[in-house]
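Report on one structure; see the data block that follows.
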Amino acid sequence: MSIMNHKKSQLEKGTSQEMEYKFKISLFNTMHNIIKNNLCNTLIYCVLLSIENLQLMYYPIHPVIDFLWDNKGLNYFRIVLRYFQFNYLIDQGVTIFLILLYISFGVIVIIVLIFFISQYSLSQLKYQEQQSGILIFSFKLLSLLLIILNTVLALPFYNIFLATIYCRSDSAAGADLGCYEGIHILHMIVAIIGIVFLIFFHFSTTLLYFDLNPKSKFPFNGYQSDAEYARMLYKFVTPFLIIFNAPGTYNSEMVVLFGVGDLILLFSRYNYPKGYNNFIHFYKITLELIVLWINICVIITDFLDTSSPDDMGLLYLFVLIPFVVFGGLYAFKNILKESMTFQIKSLKNEEEADNYLNTLIQLILDRQSPNTKIKLMGVLKLHYVVCTKIDCSCKKLISQDHKKEEGTKEHQIWMKFFGSILNDIIADEKFKDNARFKIIYSYLCNDELKNKYNALHYMMKAEDTKNHTLRDEFCLFRFKQHIESEMQEDSEKAQDIDVNSIVFFQNQLVVLTNMIQKSAESHLEFWRELQEDHPNILKLQNIGLKVLHQIDLCDEGYQELVEINNNNLNLLEFYNAYLKMVVHDKEQQEQLSQQISQIKKSIYQRKQGGGQESKITESQETIIITMSANVGSIGIVASCNNEIQKSLGYPASELFEQNVSKIMPKIIGDQHNLLVENYMKTSNSSIIGLERFVLAQNIQQYLVPCKLMIKVLPNLEKGILLVGFLKPLEKLPGTHYMIYDGISQQILNVSESMKDLGIRVEDIATTSAQEQPIYTFGNLFKELGDVLNNTLNQNDQPLKNQVYKLEGEVYCAETTIDVQLFKQLLQSNIHDSDNKKMGGSIKDSAVMNYSGDFKKVKVKLELIEERMPLTDDGQPVGGGIYHTIVIREDIDQDKVNYGKSLIKQKLDESKHNIIQQQQSIDEDEDKQKNFQSSIDDQEENKQTKDIRSALEQSKTPRQIIYLRYLTLILFLSTLALSISKLVLALQQSILIDEGISAIRQAHRRHSLMADINLYSRYLYLTSFGYYEQSLEGPFKGNISVLVDRLQVIQFDMIEFRIKVESRSGLQIDDDQYEVVFLLSNNETKTYGNIFNDAVFAYITSASSFKKATLSQFNDTSNSSSVSKNLFYVVENGLDVLRNGSERIADKFYNFYYDQVDSQTLNAIIILIAALVIIVICEIVYVPIFMSIFSERKRLISYFGMITNEDIKNLIDQGDKFILDHITKFKSSDDIIQIDQPQQQNIVGSSLNQDHSQDVVDSPKQKVEIEQRKSLFDQTKEKHQRIYDSKGGTHYFLIFSFILIGSLLMIEYIVLYVLEDESISDAKLIMDHYLFISRRASIIKYNILFTLEALVNDGKPRFYMENDLSKYYNEQVYQNEQDLFQTLTYQYPTSFDNYFAFFNDVNFLNICEHITWINTLDLITQSFIFVGSTIDNFTNYTFTSSELDKECNSVKGGLLTKGLRDAIFLVSLGNNELLATYSNLKDSLSAFQIQELLRKYILPTFWENNNIFQECFYNFLNIRNEVQIYNFVGFVGFLILVFLFLWISYIAKVQAGIQQSMRMLTLIPDDLIDKYTKLKEAIEFHVLGIKQQQQ
């Protein structure tokens, strides 16, 4: 696609190239405005570059590089540098890291928002609309932000974004972030978005933020070399290398890469030309040399200095910096010096040519300096020696003539010299494809040589080069905008005509014409479909909607044109005919007719008052032609209004993309392109902007006298366009025009008025091809011909002086036209030609046409123009002189008098017509006033207007209101049900969690009581010497820890009890328990107590053991409190409290199990409610939709009440409109045509008079009413056929709604199924957890009651007539059976890890699959231990390997067979101990094996339960997330279906009904009045609308 738009694009809209072009132009436009509003000056730019360089300095001396110099100064320097970027800060913890990340992202987002909002606002500006202050401020802010982003913010932002994307877990922030999981994924997405936009702005700014204009004040003007791309890449790679090498593994490789990057950067600057701003250019080089030297010193230190770090290298670094900078700058400046010693032909490549031109322009601009002046004169003389051009400015500069010139002219001479050299370079074969040189020349032409059109031509040539880049295109775009702005400013300063508005008006008028044509064709399509015997109602509806849409579009286009010019009669009359003949909007058409009458009246009054003739640009008859002046398409017509067909006979479409010379005489047309091209090169023209006389050529090849004014369109959207305003002049009697060759005397062309003398252009065309021309000036004007043919007159005087004499300022000649002789010569020539071709057998019919009585006519000739052929450079060339003359028949006085009388007669007739027109206008206005007053008195017409107005402004139908409410109810209901379901699901998760916790704590309570009883019995046995006294402390310590835990659990259970009782209203542990106390007299007494109080008494009794002595435990008198407390703990803990705790645990389990199970009922209720609501809504929806569609069908069917005859009349009117106002254009010589509107008004008045007569209650009116009823009866069948036709009920839509409702029902059913499955999983999990929670307490009590039986001489303990040893032995087997029964069910995948561990420890070697052995905290030499995190462990001084060995060897490797077998064997071992009991001491020795098994089995239980709890919480989290995701997805589905699809469709249905009502406005008012039933039907709907409004 063309930036300059000087070529026709071959791309079609919608292609990828078109989208690319639009994006490119949009980006160019935004960047152009940013640069135009730039706030960055040289000082700010240098400060930003300095900060950026300090950032780059930090990386070669980064602290991670461990071989650098050990110096405090270096460390301080690092400390200073590290605060200029983020590299140091991102390692200060995750908080600072995230703050920096989101600050960076926020800055990027702000820039993105400002950039794209400004871009959008710019694209929305209307024609010639000025930018707002906010938009200009946005561009100013962007100019500063982008420069800062491209310099000081680029490195820090790349650093933080790359550090987020390339996350290292060994970094300070990465360890807390959790790389590539969890919330870090979100941070990484933010970083990716941020770095994408950062790269976009960095690249766009690097690519486009520059100015190629040599005189630009921007600090970044001049050539943009590849060094800027290298610098951009360097700033991206540097922080990545530091992040990648954070551990310091690749320090050497990293510093080498830094050095290579700096070398590439400087090398790219060395090979490419510098910018126009020398200070900025060399300042950049200085900064980059410093960084390079630091890198070199670091590399030397790494590879050559192998000793320990010292300060010597650092000293060399600082000492040699000035020498390195000076040497580097000298090398760069030497390039520029050498470039000026070259001849132009010796320039080898574009870089050398760039340097040459860049240095030369700087020398010219700074030539006031003596040193610069000497260099410049040297270059001048070097060029002068080889210059061969005659007009080169170097000759004038060498001759010192320029010193006499003023300063401005001297500067212009130097610039011409620069342009001459630049032209030589452009002409060189090596540089012909370089677009940049042509762009620079265009800057020179516009800014220095003041030739903007030549500048534009060179810009077009630059775009036509093969190798132009995106930067070149941006330069072209910017400079085109600059020149266009200058052209518009010049036009405003000159207070000239607004050519832009005129051309825009004409172009939009063409667009409006096309729209009206489509609208008329759609109307015809509608009426023709209605004319069918069986019209398709759906087709009628679609066409009708299209017609209404096109009417609205036409109205918008018309209003837009009226805002530009509201007095354009062509527009008003055209649109008035459209309203009358197509739209049938009588009210608006009458208003427009009044406006047209007023305009015509004002024209008449202006003419009557002798007012000044309207300007050529304001005349309605003016032909407006827009012509291209672009390279490769000069003279091509870009647009043309329709007046050209009226005046010259050419259809506008025939001239489009043809050369404008088609409407010119050949001698002018052949030179026209050359003249335009010459004007584009020089900008010198004496005709631009001035009205002048010209001769155009019509389609019959006759000359047409016209006035012409040419303007340059100050809008370069389509390149350079010239606008010609061509107005044909009024034909004067006896005035003719002719063009002839002054040397050969051949007549080339004549005006059509010459036919009055019998001379036709066809005859000229016939004779022009002959070797001896017949139609010559001398033959027509015999007297003058003799003068020209007389050899005595052929001297050195000009040709025009031989024939014409100067009279004032005009060359004139008086002579006669010998028409008779002319015809004889023509006749003789034709006969000779025919005889040669046909042997004289044919009689020429053309000769017969000239059989009139022509005599000699006296005329006066006036030489208008003498024209000679031109060379390519616009200079005259010999070989022909063409004369344009006016022939006036004003010599013969009789002829003069006759002509005057004829003119007077025509003027009188014209005046009479004007008076009649004025009278008709006045009469018409009076009639319209009278007619308007009569309308106000006629109720019937008033009703018709009210009907049309009501149909145009129809409100929301009642069915639509019902639909909206019903949709809102359905949406809110389904949303409420979804929210209820989510709340219940989350509450269910809370309930399950609470139930699992309650079960766990309830069973842990009596499990801890078993441990307390066990250790209390151990203390008792220790007091009798059965255990070593050294174990007293550990036993007491364990009891103390267990009591504390029991107290915590007891408070937890009280909390659970309160929650349960508040939910259920039931009492969990309100029973009275028979608690036994030991009295001082060794008697026991039973008290009734509630469970909580009994437990707290138990805790208090067990707590007293901590301070008790062993002797107090073996007090046989039982007089001490320890004995009483021991009795309370043993007796109650083993019986009533144990039993009560187990019963309460079962109550908690049953309650929570029932609560979870009851959630199924809630899910069923929600499901039933949802299904009922959806079904009810569907039942209600369908009838409403059916009534809506039936209503639409009924409205469309009303058109069937119109007879085919009336429809045919409407079709005829539409066809006539297209024929008269679209297809062909009528022309007339009358100044104002008012007859046609007058007739229209008369017809309208008569019709309205007929209508007014209808109001009178007379027999005639009754007859007409009967006739209307008869007409309705004739159309009733067609009306019913339309209503009954298929396609109007939209069953598919109803099916779609039913489908949506079905999908909602299926969704709720699926959600119920999933919820029921989730509840089943929860119950299964609770069952399983109940059994694994019982395992520990059951095995503990099995062992404990075995010990109690041993202490009681082998007698088992009974409670409530149950042998507790036997009871818990059975419980072991029953619980294991129930537990493994639960394994037959399918569990959620969240428990896979648990069941893997469960199977391993239950069926494989326990010792290989438990982890607690490796994490033991070994404290005492005892087999009794209570851990800090698990309920109770056995603690050992053995190492882990010894424990592992012991675990594998217990009881012959019993534990290697699995936990389940170990449990069974413990139970069997207890039975065996009781069966083989002999004495307590021996039995206690055997009991140690059971204890040894216990110390491995119980921790395995706890680890198993802990893993279960972890999986359980994962299950709850996943379950909650799934519920939330389901809710969000379902709500999103509801919002999509209801708020976006369904509500929008209801709005569409509403619009459809309203449009269907509005379609009735297509019926003309007279037809509504004609058909009584039709009017009544429409009135019925209007009344319905009014009721709704009320």
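Placement of Cβ uses the backbone N, Cα and C atoms for every residue, glycine included.
Feature annotation from TrEMBL assigns transmembrane segment to 42-61 (among others).
TrEMBL lists 96-120 (among others) with the feature transmembrane segment. Among residues of the same chain six or more beyond the transmembrane segment (96-120), those with a C-beta under 8 A of the stretch's C-beta atoms are 26-27, 29-30, 33, 86, 89-90, 135, 138-139, 141-142, 145-146, 149, 153, 156-157, 160-161, 163-164, 172-173, 177, 187, 190-191, 193-194, 197-198, 201.
Residues or ranges marked as transmembrane segment by TrEMBL: 141-165 (among others).
Here the transmembrane segment (185-212) has Cβ contacts under 8 Å with residues 27-28, 31, 34-35, 98, 101-102, 104-105, 108, 111-112, 115, 146-147, 149-150, 154, 157-158, 160-162, 164-165, 167, 177, 218, 220-224, 228-229, 231-232, 235-236, 436, 439-440, 443, 470-471, 474-475, 478 of the same chain, all six or more residues outside its ends. Residues or ranges marked as transmembrane segment by TrEMBL: 185-212 (among others).
Same-chain neighbours of the transmembrane segment (232-248): 56, 59, 62, 64-66, 87, 154-155, 158-159, 162-163, 166, 168, 170-171, 199, 202-203, 206, 254, 257-258, 261-262, 264-265, counting only residues six or more beyond its ends whose CB sits under 8 Å from a CB of the stretch. Residues annotated as transmembrane segment in TrEMBL: 232-248 (among others).
Summarising the annotation, TrEMBL assigns transmembrane segment to 282-301 (among others).
Feature annotation from TrEMBL assigns transmembrane segment to 313-332 (among others).
What TrEMBL records for 484-601 is domain 'TmcB/TmcC TPR repeats'. The predicted model assigns the domain 'TmcB/TmcC TPR repeats' (484-601) a mean pLDDT of 84.
Per TrEMBL, region 'Disordered' is recorded for 914-945.
The transmembrane segment annotation in TrEMBL covers 1163-1189 (among others).
Residues or ranges marked as transmembrane segment by TrEMBL: 1291-1314 (among others).
Taking Cβ pairs closer than 8 Å, the transmembrane segment (1524-1547) reaches residues 960, 963-964, 967, 970-971, 974-975, 978-979, 981-982, 1300, 1307, 1311, 1314 in its own chain, all 6 or more past its ends. Feature annotation from TrEMBL assigns transmembrane segment to 1524-1547 (among others).
Beyond the ends of the transmembrane segment (1163-1189), by six or more residues, the same chain brings 957, 959-960, 962-963, 966, 969-970, 973-974, 977, 980-981, 984, 1288-1290, 1293-1294, 1297-1298, 1301, 1304-1305, 1308-1309, 1311-1312, 1315-1316, 1319, 1549, 1553 to within a C-beta distance below 8 angstroms of the stretch. Contact counts against the transmembrane segment (282-301), taken as Cβ pairs under 8 Å, peak for 42-61 among the stretches 42-61, 141-165, 1291-1314. Listed by sequence, the residues of this chain that lie at least six past the ends of the transmembrane segment (141-165) yet keep a Cβ under 8 A from its Cβ atoms are 34-35, 37-40, 44-45, 48-49, 51-52, 55-56, 84-87, 90, 97, 100-101, 104, 107-108, 110-111, 114-115, 118, 171, 173, 187-188, 190-192, 194-195, 198, 201-202, 205-206, 209, 232, 235-236, 238-240, 242-243.
With helix defined as DSSP H, G or I and strand as E or B, the domain 'TmcB/TmcC TPR repeats' (484-601) counts 102 helix, 0 strand, 16 coil.
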